[in-house]
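Structure first, then comments.
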Amino acid sequence: MAGGGGAERVRVGAAAAGLLPPSCRQPRRRESRERLSVCSKLCYAVGGAPYQTTGCALGFFLQIYLLDVAQLDPFYASIILFVGRAWDAITDPMVGFFISKTPWTRFGRLMPWIIFSTPFAVISYFLIWFVPDISTGQVMWYLIFYCIFQTLVTCFHVPYSALTMFISREQSERDSATAYRMTVEVLGTVLGTAIQGQIVGKAVTPCIENPPFLSETNFSVAIRNVNMTHYTGSLADTRNAYMVAAGVIGGLYILCAVILSVGVREKRESSELQSDEPVSFFRGLKLVMNHGAYIKLITGFLFTSLAFMLLEGNFALFCTYTLGFRNEFQNILLAIMLSATLTIPFWQWFLTRFGKKTAVYVGISSAVPFLITVVVLDSNLVVTYIVAVAAGISVAAAFLLPWSMLPDVIDDFKLQHPESRGHEAIFFSFYVFFTKFTSGVSLGISTLSLDFAGYQTRGCSQPSEVNITLKLLVSAVPVGLILLGLLLFKLYPIDEEKRRENKKALQDLREESNSSSESDSTELANIV
């Protein structure tokens with residue numbers, strides 16, 4: 001690879017000396033001001049849909065699927081959810097490490113990860129939604145394939161997230177591409193909710209009026225076995241519906257990966273063209289974790305993201321049992337996601353007009369009154385839909401802002417450590433790591449708390465203790481986490497003035513690097 005860098009300098013030097021025709025010369029100064037086409041931004045944005053589509057389907061439906069369709073004990077379901085999310089979190093820095101060691105290829109450094117992980121991710125995703133016909137080992141089946149899928153989708157999403165820094169050198173173009181990406185990602189959540197919810201919703205999952213029998217006489221045990229056999233048989237349509245939905249989402253996953261790989265090309269930093277020395281991951285990790293702006297940003301978003309993930313993981317059960325909208329919850333979820341999709345452009349305009357920190361406070365805090373309203377008022381379908389639409393506006397801000405602010409932190413890091421390069425994947429992977437790990441802990445604990453409250457698998461109704469627990473999990477706890485996260489954002493140092501200063505300083509640094517490179521190349525051309 002080092003030889004390739006030398007050849008690049010000779011090529012530039014020859015161009016400077018007039019030895020190459022104008023069509024072959026590389027306009028370095030113009031390149032830094034090139035704009036991304038709308039087509040390139042759309043192709044880049046489409047790549048964000050697979051992660052969100054599968055993640056939304058798993059986030060909203062996996063818990064209720066394990067409890068009421070696979071009929072696992074809540075304790076084992078909590079283990080699967082916790083271990084799967086925790087493993088998902090661990091794989092992010094692991095993949096980030098291997099990406100930092102990956103050499104550049106003709107397809108780039110990041111794109112091969114996306115291409116080769118896709119088919120295996122789709123297969124493992126489908127097997128998560130398949131109920132094996134085995135009397136024992138179901139827990140291990142779901143645990144293994146859930147972890148395999150999380151590993152493979154991480155191999156897709158971490159390089160895709162880091163790709164933000166390599167589609168353009170212009171901060172404004174990256175922000176614009178990020179807005180496109182967030183719009184498509186939220187649209188991906190709409191697709192995930194719509195496909196999974198509408199297909200599964202058409203197959204009515206039967207419930208048990210009085211589960212389970214409290215008497216342990218031989219007669220009651222025999223009757224219980226007969227009833228459970230009958231109900232298991234009646235679940236066939238529901239199980240088939242889950243597999244059909246998984247097949248459709250898997251097809252979309254492949255389509256989006258193809259569009260991304262064909263329509264987007266990685267761009268290397270001009271300074272990186274001069275050296276292909278291997279990057280020290282652990283030295284980079286130490287530098288990243290000591291960067292104050294990064295720690296303050298991910299800490300704030302850690303709590304706010306955790307609030308929305310906790311809401312996501314328990315909302316289906318909350319709508320089904322606490323609100324009593326068993327046949328409407330998929331439409332309520334769809335209303336949230338549609339509202340979020342339609343308001344992404346508004347938040348992009350808002351953060352451009354008023355600044356990103358202001359957008360954080362206004363956007364995320366707007367969810368608080370609606371989270372309180374949905375549990376304080378009596379169950380009312382119209383009010384629930386209004387709350388869902390309003391909550392979607394806040395969800396849009398929570399989607400957009402972290403990914404719009406992380407590149408600002410990376411630019412700040414580059415100015416403080418101009419000699420340290422190739423650590424972009426570390427920033428993104430460890431942000432996702434902390435978010436996923438804490439969400440795994442919270443989701444595992446929330447499912448376990450339902451078990452302690454007396455959750456009845458496939459019951460038509462639940463004990464009052466379960467309803468109280470669900471209210472806490474979708475209202476009180478998320479509100480507390482949001483308020484704590486917003487308090488921590490007060491410490492985040494990069495405001496709009498600081499961001500503009502960093503942008504100008506980074507542009508000056510790049511122009512200085514380009515000028516130095518061109519001077520060296522001219523001297524080399526004169527020697528030639």
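Positions of Cβ are set from backbone N, Cα and C atoms, glycine also.
Taken from Swiss-Prot, the feature transmembrane segment applies to 38-66, 74-99, 110-129, 139-161, 177-199, 242-263, 296-319, 329-351, 356-376, 382-404, 428-450, 468-490, supported by experimental evidence. Per Swiss-Prot, the feature topological domain 'Extracellular' maps to 67-73, 130-138, 200-241, 320-328, 377-381, 451-467. Look at Swiss-Prot and you will find 503-528 tagged as region 'Disordered'. According to Swiss-Prot, the feature compositional bias 'Low complexity' maps to 514-528.
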>> If you count every Cβ pair below 8 Å, which range out of 110-129, 329-351, 356-376, 468-490 shares the most with the transmembrane segment (296-319)?
In response: 468-490
>> Three or more CB pairs closer than 8 Å, sequence separation of 6 or more: does that hold for the transmembrane segment (177-199) against the transmembrane segment (139-161)?
In response: no
> Near the transmembrane segment (139-161), which residues from the same chain, at least 6 beyond its ends, have a CB less than 8 A from one of its CBs?
Replying inline: 47-48, 50-51, 54-55, 66, 70, 72, 76, 79-80, 83-85, 87-88, 91-92, 95-96, 99, 109-111, 113-114, 116-118, 120-121, 124-125, 127-128, 132, 257, 260, 403, 425, 428-429, 432
>> Are the transmembrane segment (428-450) and the transmembrane segment (74-99) close enough to be called in contact, which here means at least 3 C-beta pairs under 8 A that are separated by 6 or more residues?
In response: yes
> Can at least 3 Cβ pairs under 8 A be found between the transmembrane segment (356-376) and the transmembrane segment (38-66), with each pair 6 or more apart in sequence?
Replying inline: no
> So how many of the residues in the topological domain 'Extracellular' (67-73) end up helix, strand or coil by DSSP?
Replying inline: 2 helix, 0 strand, 5 coil
> What is the number of residues in the topological domain 'Extracellular' (377-381) that are helix, strand and coil, as DSSP sees it?
Replying inline: 1 helix, 0 strand, 4 coil
>> Under 8 Å between C-beta atoms and at least six residues away from its ends: which parts of the chain pack against the transmembrane segment (468-490)?
In response: 296, 299-304, 306-308, 310-311, 314-315, 317-318, 321-322, 357, 360-361, 364-365, 367-368, 371-372, 374-375, 446, 449-450, 453
>> Within the same chain, where does the transmembrane segment (382-404) have neighbours whose Cβ lies under 8 angstroms from its own Cβ atoms, ignoring anything closer than 6 residues to its ends? I mean 6 or more beyond.
In response: 161, 164, 175, 178-179, 181-182, 185-186, 297, 301, 304-305, 308, 319, 323, 325, 332-333, 335-341, 343-344, 346-348, 351, 356, 359-360, 362-367, 370-371, 373-374, 431
> Which range out of 110-129, 242-263, 329-351 gives the transmembrane segment (38-66) the most CB pairs under 8 Å?
Replying inline: 242-263
>> If we skip the immediate neighbours and take only residues 6+ beyond the ends of the transmembrane segment (329-351), which ones have a Cβ under 8 Å from one of its Cβ atoms?
In response: 56, 60, 179, 182-183, 186-187, 189-190, 193-194, 196-198, 200-201, 315-316, 319-320, 358-359, 362-363, 384-385, 388-393, 395-397, 399-401, 404
